[in-house]
Structures are given as structure tokens and as C-alpha cells.
Amino acid sequence: MIPTKPHDVIWTDAQWQSIYAKGQDILVAAAAGSGKTAVLVERIIQRILRDDVDVDRLLVVTFTNLSAREMKHRVDKRIQEASFKDPNNEHLKNQRIKIHQAQISTLHSFCLKLIQQHYDVLDIDPHFRTSSEAENILLLEQTIDDVLEQHYDKLDPHFIELTEQLSSDRNDDQFRSIIKQLYFFSIANPQPFEWLNQLAQPYKEENKQQQLMQLINDLAMIFMKAGYEELQKSYDLFSMMESVDKQLEVIETERMFITKAIEGKVLNTDVITQHEFMSRFPAINSKIKEANEGMEDALNEAKQHYDKYKSLVMKVKNDYFSRNAEDLQRDMQQLAPRVAYLAQIVQDVIQSFGVQKRSRNILDFSDYEHFALRILTNEDGSPSRIAETYREHFKEILVDEYQDTNRVQEKILSCIKTGEEHDGNLFMVGDVKQSIYKFRQADPSLFIEKYNRFSSSGNESGLRIDLSQNFRSRQEVLSTTNYLFKHMMDEQVGEISYDDAAQLYFGAPYDEVSHPVQLRALVEASSENSDLTGSEQEANYIVEQVKDIINHQNVYDMKTGQYRKATYKDIVILERSFGQARNLQQAFKNNDIPFHVNSKEGYFEQTEVRLVLSFLRTIDNPLQDIYLVGLMRSVIYQFTEEELAEIRVVSPHDDYFYQSIKNYMIDEKADSRLVDKLNRFIQDIQKYQNYSQSQPVYQLIDKFYNDHFVIQYFSGLIGGKGRRANLYGLFNKAVEFENSSFRGLFQFIRFIDELIDRKKDFGEENVVGPNDNVVRMMTIHSSKGLEFPFVIYSGLSKKFNKGDLNAPVILNQQYGLGMDYFDVNKDMAFPSLASVAYRAINEKELISEEMRLIYVALTRAKEQLILVGRVKDEKSLIKYEQLAVSDTHIAVNERLTATNPFVLIYGVLAKHQSPSLPNDQRFERDIDQLNSEVKPRVSIVIDHYEDVSTEEVVNDNEIRTIEELKAINTGNEDVKIKIHQQLSYDYPFKVNTMKPSKQSVSELKRQLETEESNTNYDRVRQYRIGVASYERPKFLTQTKKRKANEIGTLMHTVMQHLPFREQRLTKDELFQYIDRLIDKQLIDEDAKEDIRIDEIMHFIDGPLYMEIAQADNVYTELPFVVNQIKVDGLTSEDEDVSIIQGMIDLIYESDGQFYFVDYKTDAFNRRKGMSDEEIGNQLKEKYQIQMTYYRNTLETILKRPVKGYLYFFKFGTLEIDD
């Protein structure tokens, strides 16, 4: 029983009902800004306070973890407040304890807890972990590799047909992409295999094909009838004209055709497919114009109606009936086995992927849902015993953002709720008009089905409550939004009727100052009048709107009833995507306005990130021209376009630019300076390649950053803080990647490529807080749930993305899979019945979701809403005004063929302000007759860019004469003096800039060796090219023998951890020790065969091992960084102030004396007659400089004499001479 609402409460009647109604399933349709979160919290509190329900017996499901934390905090706060008011209430005391066990979480979190408690039902290891994003992406890719490999081995005829249709000559990327899409679609269903198995049914069953034909017929009929009306208008106008017999003859022919085509309830598809238009409509010549003087506009209008008719019929012919019905149905039969085989491949992927995850003991988010469902259901799909216990435990289940659930989540909820809809305990809150996550497999039809089934009385099934009062926005925003959607959204296009229950009602305590919505149409300047593109012009125009807000607008404080000046943080720019972000950033920078792109996209497009990725791709495989040349052209290596052209010209027919570099370097006519530059570049590449063989990706990135001062350089540019954060972000992602079960540069690059392909960005690293005074740009998706005083909704002229509609395979969650028919023999593809039908359905659903995105964008605004669209000329605006009207809405065909949001928005809002529009193209004759809730309050402004632009066109490439330059500088002696001082300045520490600030001991060794030979070391370094040919890429190499330097690193790793004890290690114990290194992942398992066991045993059996084992203290792999001045005994006035860094293999202390040991895996040639002493002297001489630095460094640090040994595994111990 709902309690009587007191007069002094803040809740509306609908909110009050939402808080207290119970006894059946309840769906609360909460419009934007209607206070649904407050209602949800209050309902939880009242269930605790009024009904004595324990908080841990409520299951509250939110959409995000952040929402869950905020919800839990609010509930906890309210419980504490109630407890303070009634300190003796034991029930409230218990709630303060139980709140910590309360199930207020995302559904994924609930599923995870369920699995942790009932893992025994699933027969899985309880110590499972959640896979990282990188791990999951790469493992799925690997699984698809394996499954396709199996099918390539079988070469089933249907598989061959699929590969012929879905793969290109170069790769099978499209085929793989379709498999992945099908995988994600299928697992969004409670029974993925069942969903996949039914995909082929429409291709086999005639009754299903008839249903598809009827669906196509119904859609095509809409366009044909609209075409008939356009043709009739054309006929009526031409009938009033003189000398238009030819035009009327054509129109009469078309009238006969379309009358025959649309007679009856079913279209005559044969007539449509066979119909051919005249190649050209008879021209409106000067004779006709003279005969109809003063009626030129009517002539043009008549022709426009005919053109519109033709375009509508052509759409039907091309999109729906390009082939006759018999051909469409015959192709379905031939496609059936092909579709069934594709479904089988996806089933194989699901099974194999599951096995791969189990072998690694990992779960992903889809596993959470499906494993939870296995726990909660029996084999027949009925609720399990465990589900019954949860039903008994939870008094109520509350679901937030219900419009964003999918079929799997719906099934989980149905298992743990009690009763049927008329007596259940499920409370759902959401707004289907804000369902904008179809790309995540959210299914708004679940909400719509319940919305239509439930009633406001709740007598027949569940109870439906509409929360429509908006407490966020001014009246002008709400009424204009209502007017727009009442004429744009219905069940046909939009999937829900925007009726009185769905519309927004004003509820915020604003003053009565008018703030009309601004609908701004920017007419582009031509290329003759502006150097800027249309997008750049729009960005500048938006800046002007921001300036106007800051200079002239105020923000109303509803609590105090006072105004304050608008600030930058009050303003948000909303767009469909981040495509315009770069232009906006530049425009705001040019005007010194603080601006931040709140981006979850665009990370990989950042200059600094692209540089690092080009570097990584080049290191992995320099035979990729785009990345190799990109790296060469970058700020790091600074090759000019002229130099690159010079390299290419020498051997223009090389397959790869890397080959051109090699050929250029040996060309007799090559520029020696360019060859030197190339040598340094190649040396760098090979150095990093060698490093990447033994080090993880994040260390390779870190080395690149340090070697080339990448962080420092980008930090000094505009936006340096964000750039630095982006670089560190990539490094951190590489660290995360290494923590997965995948390793190596190739796999990391593959992970990045997958993220890019999926348009799943890391997001630019956010360096701006919520209170920073900046103008923000964000996508509509990321703005959901937020509000701003001023919203500039721009980019309205950007076309809807209908690219997926052109794919050879169309997927729909409800209907299944539509595949084009591909004739293998003719190598030609044709639309099939299924692909035509599902393409039309998806187009309709796409427009519906775009409408919902418009709704979300408009309802973010509190004070004022500014809509910005862009057109080439004003003729487009007239065309939008004239969109056909059907009853109270824009005609269905106009909505389905709309190319962008601006067509719809301007087409609705401009009609009532157009003085010349005929009544049949209006919604009403007088908007003043409308009630306040739907009366549009909109100011339409048409601006030509030339009229509003402050752009100053400056050509920096202008060639000026000496005389002009002299004239500019005449009489400006002070400037001349300052310029001379700047240009002639001599840096006092120039020598130091020629030397690195930090050098390794190995680098110093090479430098001193060359300088002692009277050779410049920098010159020598240019020619350290290494191997002449490039190895095969890693992914093409089956087995690979380790190089000498890799074996050296491996031996050092073994020695680093080698235990020293007086009872020497046996050979078996050494093998056990190496196995432990493998278990700890310190070395790879396949490395075991490359470890020189006998050489290590020789060391263990030798005297040096025993001396170390008996030492007082032993330190291994000791790093050091020391000032070279101190090591070399220089004075502080000496020019070279470099820092030396290095790593000493082992140091031990015996009786107060320190010794260091450096292991060497060098091979050497014993010439005939050479004694051991001669070989020893040769080896000591080779490492004399390095050992001297080691000893001097240790003596500098320890302040005492130090002795040292070189240990050669192939020779033995050598003591370092004093």
C-alpha cells in the first residue's frame, strides 16, 4: 500500500509512487533530468526504514562501477543520518554494519561473486583471475588463427566459398572481422550456440522467406507511395503550364508505371525491377520559360518534385528490388550451407577460446555472465537450486539504466527474481530514449517490450511509472526538445512513440528570463574567400559562440536565486565523435582560450604516440615503408623529403624502402653526408632490435625515451603536460601487457592494431580535473548523465556512419545474419533476400539510435542550448525546410534517408518560421496555439562565414624583395641590434653539448679505444652497421637459434642468481636451479638448451667459486651511477662533466678487502704457438679500459682500494693488474 503523500514533501506524485509502490514488477521510465538516482536511493532507504528490510537483502545493479560506488555512498550516508536521529534503533545499527556486504554493484561484479562462491558447480580452479584487455584481445586473435588453420587444412567446399567471398587476394582481414562480430553477437545471448544454429533457418524455410519478403515490401511501399505523391505534385504543377507537353508525356508514363507497381497491398516487384527511366528528363528551355513568364519558381519546383520521385523509386529499385523475387529466394537455398558453415566456425572459436582461457585459468567479462547463468539454471533452462536460494534471499532487485541491458543479463535477472510480472520483485529504472549503446550489444527492445506490456494501473502485468518532470533545464530547452521529437520520433523510426507520457515537463525553479534555443546555420565561405576548410570554419565559428557566452551570458543559481558570470567550465561542446577535435584545439589555441578534449578516442592519432608506434613497428619489421619513413621523417632522425627522394631515386624499383637505403649506401655517387646519416640510423635500428630480443617492450620504450630525450622534447611543446602523460600512458600499457600471458614486441603491436581496428582507444591521458576552468569537448556518449549550463551541440552536418550497411554480411541481434550471394564462378556478389531485409532493418535501427543520441545531447543543457550546422549554400536550408510531412511527423521516407542530424533538426524547427512554406509541409499553422510544454522557443540564425569571420589570411610563403624587407626594417635600429645579439650569441659551454650527459662504461671503453688510435669516435660510431641483411620477421620464423649476445645475456642471468655455498653445487642441483629460474619466468623454457652447463660447472669446481662462497658478503648485478670527474680525478673546471653508468656482475668482501668479478662469454682464437699467458694478456688488454673504470668507480664509492677479476667461461680467471 502506497502511503499518502504529505503536502510538504519535495517529491512529485510519480516520484512518490516510484519510491513506495511494490508487490509487482515495476518499470520506471525516467526521462532526462527527472531525478531517477535520487528516487532510486530513496526507495532503497524506505525499504530499509519503513519495511525493515536489511540492506544486504537488496540487490542493486548499476551500469558502471563509479555509479555503484556513488550509490553505495549515498545509501550509507542516509543510513548514518537516520541512525543519528534514532540512536537506539537496533535495525539501523545493523544496517551500518551490513552496508559493507550490500550487493550494490554492476551485474558483472555480482556474477563474479557468484562464481567465486559456487565455482565447484562449474568445475573450475577457484584461483582464477580476470584476463587483461590485452590478453583477451590477443588470445581471441590466436584462437581465430588456430580455428581457421584447422579449416584451411580440411578445405571443405563451403569454407572455400566463404574465403572466396570474404577474403581478399592479400589477406583474410574481412573474414576474421566477421567472425569476431559474430562471436560478440552470439555471446550476448543466453544460448550462443542456439542463436548461431538458427542463423541458417531463414535460408531454408520458405515461410521465413515470405516474412522477409513482406518486411521488404512494407518498407518499399513507404518509399513508393511517397514517390507517387511527389510525382502527383509534379504533374499538378506542370498541368498549369504552357508548352510542357514533353514533360507531361514523361510524367504520364511514370504515373502509369507507379500505379501498376503499388496497386494492391503487395508491390509488383517484376514491374519495378524491369522499369527503366528516360535517360534525361526534357529540359526546361527558354521557350518554355517565355511561355510561362513569371512562373519560373513553379517550373523549378515541378522539376524538383519529379527528381525527388525518381530518387525514391531508384532507392526502391537499387536497395530492395535490384533482382526479382524468384532469384532472391533461389539464392537463399544456395546460401544456407554457407551460412551454417560460418556459424560452425564461430562455434569452434567459442569452444576453443574457452579451452584457451581455462588452460590459463582466466575469465573475461562474458564468462562472468555465462558462468553465472550456468550456476543459476538447470540444463532445461529452469532456475537451479542455487537460484532458488538467491530468490529467497533477495527481497527486491533494483536495476538502474535498464535500457542498456542485453538478453544474457535479462536471463540472469529472471533467474533470481521472484514471481511473475504481476507479483514480482523486480524494480527497473531507465529511459529508452537514452539507449545509445547498441554497439555494446545493449538491447533497447527489452525495455520497449515491457513498456508496452506494463500499464500505469498495473492490473494486467507489471506497473509502469513515467517520470517526466525535468529538474535540470530551462523551459526553452525542454519545450523545443519536445517539439522536435514529437515531429521526429515514433514507433516506426525511433522505436518508441514520443507521446505525452514520454515528453519532458518543466520542473526546475528558474526565473522567467527567456533563453531561446539557438539554431545556427553556418554557410561556408568558398575557397576563393577563405583558406580554411569547412570544418576549420566551423571550429572558428564555435570559438565565437564561446566568446559571446563569456562576454554576455550569466548563470542562474537555483539555490540562491542569483546570477553569476559565465566561465569557461560552464561550457561544453558536444559532437558525435572526436573527428573535429584537432580543428577545435587549433581554433581555441589561436584565441588563447583554455580548451580540453575529454577524449576516450584519438590517443593513437597523437603525434607523440604515432612516433613511438612507428618506432616499435620499425624495430619489429623495418620492411614496412610507412612506419620506417615516418620514423626517418620524425623529429628524432630528421631526414628531409629531398633526402628520402634522393635515396629512392637510386633504386626506384625496390619492393621496400629499407632495400633502397641499403642500395644507396653502397652507391658510388651517394652523398657521403647522407650515407653517414643513414649509417647512424641503421645502427640505431639494429641496436634496438638486439635490445628487444632480450628485454620486455616497456624497457625498449623506456630506452628509446631516454636515448633520444623523447619525454623532454614533447614536454616542451604546446600541450606538453598532456603529451608527457600520453607517452607515460603508452609505457604503462606496455607494462600491463607484460603482466599478461603474452610477451614480445610482435604481440604488443598486434594488441595495439586490434585496439585501433576495434576503435577502442586508450583515450588521451586526462590531465584536466572537473573543476579546472576550461572549455570541454566530449562525445555525446561520454556526456550521458552529465549536465552543463551551456551546451554547444555542433558537427550536426557530419554524415551518419552507414559504412556497416555496405558489408557483405549484415548482423542483427533479433533477426540474425544476412549474407550477400556470391557466385564463385563469376566472381560476383549479389544482394540476397536476407541481406536486403536486414540491411533495411539495420538502417532503420541506425537512424533510431542517432535520434536517441540527439535527445541525449539536447537534454544536457541547463541554461542554453546552441545547435550548430554547416551548409554549402542557403539552398540546402530551403530543401530541409521542405521535408515532406505525414500527419504530425516528418514523413517516414524523409527520416530514413536523412544523411545527418541537421537535416532532421532544421527540417522540424525551421518550418514554423518559413513564411513561404505551403500548409501541407507544416505541422501547424500557428505555433502560438500550442501549449507551453511543446511550443518551440528557438532563434534561427543563418550566418555566412565571410560576414562573421575574424580570419586574417596571411601567406607565409610570400616571396618578398630585398627592398621590401629593407623598407619594413627602416628606422628600427633597436630591433636590428637585438637580432644581431641573438644570432651572434656564443654559448659558453658549447663543448658539453657535443657530449652525452650520461655514458655507459662500454661506451667510454669504445670511445677511448678509438681516440687512442687517433680516430674520432663519433665518426666510428656512424659505421657500426652490423649485419648486412635483414632477418625474417618473428612471426614468419618457426625456430630461431640464439645469437651470441643473447646467449651472453642468458649466461649472465644464470650467474646473477647462482647460489654460492662451500659444499659445491652438483650438476643435478644446477639443473634444478635452472628449472626454478624457468618456473619464476626469469628465463624462457626453450633457453635451457643454450645454457652452457659444462662451462658453469667448470666455474663451480674452480677456486674463484669457493673464494666467493667463503666471503663475508656477496652482491650480484650491482648498478652504479657516478660523476666522471670523480672517477677520472679531474678538477671541477674540466669541460667534461658526464655521468657514468654501469652494472658490475658481482662484488664480494673478504676480511675487509673488496673484489669485483666481471663474467665474459667471449670466444677467442688461439693462434698456433700462443701460450696461456699471451692469451690472458690479450684478453686483459681488450677489457683494460672497462675494468679500470669499474675499479676506479668502486674505489670512489667505497673510499678504499679494490681488486678485480675477469672470468672467461672459455678460458678461466684473470686478475686485473694494478
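The backbone N, Cα and C atoms fix where each Cβ goes, and this holds for glycine too.
Predicted, not measured: the structure shown is a model, and the values here were computed from it.
Copied over from Swiss-Prot, here are the features:
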type	residues	note
BINDING	A30, A31, A32, G33, S34, G35, K36, T37	ATP binding site
DOMAIN	9-474	domain 'UvrD-like helicase ATP-binding'
DOMAIN	491-785	domain 'UvrD-like helicase C-terminal'
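Within 10 Å of the C-beta atom of A31 (ATP binding site) sit 23 other C-beta atoms, taking all shown protein chains into account. With a 10 A radius on its CB, G33 (ATP binding site) counts 22 other CB atoms from all the protein chains. A count of other CB atoms within 10 A of each Cβ picks out A30 as the most crowded of the binding-site residues A30, A32. Close to the recorded ATP site, the chain also has V39, D431, L467, N470, F471: residues not among A30, A31, A32, G33, S34, G35, K36, T37 whose Cβ is within 8 Å of the site's Cβ mean position. Taken residue by residue with DSSP, K36 (ATP binding site) is part of a helix. In the structure shown, across all protein chains, S34 is the one of the binding-site residues S34, T37 with the greatest number of other Cβ atoms within 10 Å.
On its own chain, K36 (ATP binding site) has V28, A30, D400, V429, D431, L467 as residues at least 6 apart in sequence with a Cβ closer than 8 Å to its own Cβ. For the domain 'UvrD-like helicase ATP-binding' (9-474), the model gives a mean pLDDT of 93. For G35 (ATP binding site), the count of additional Cβ atoms within 10 Å of its Cβ stands at 21 [all protein chains shown].
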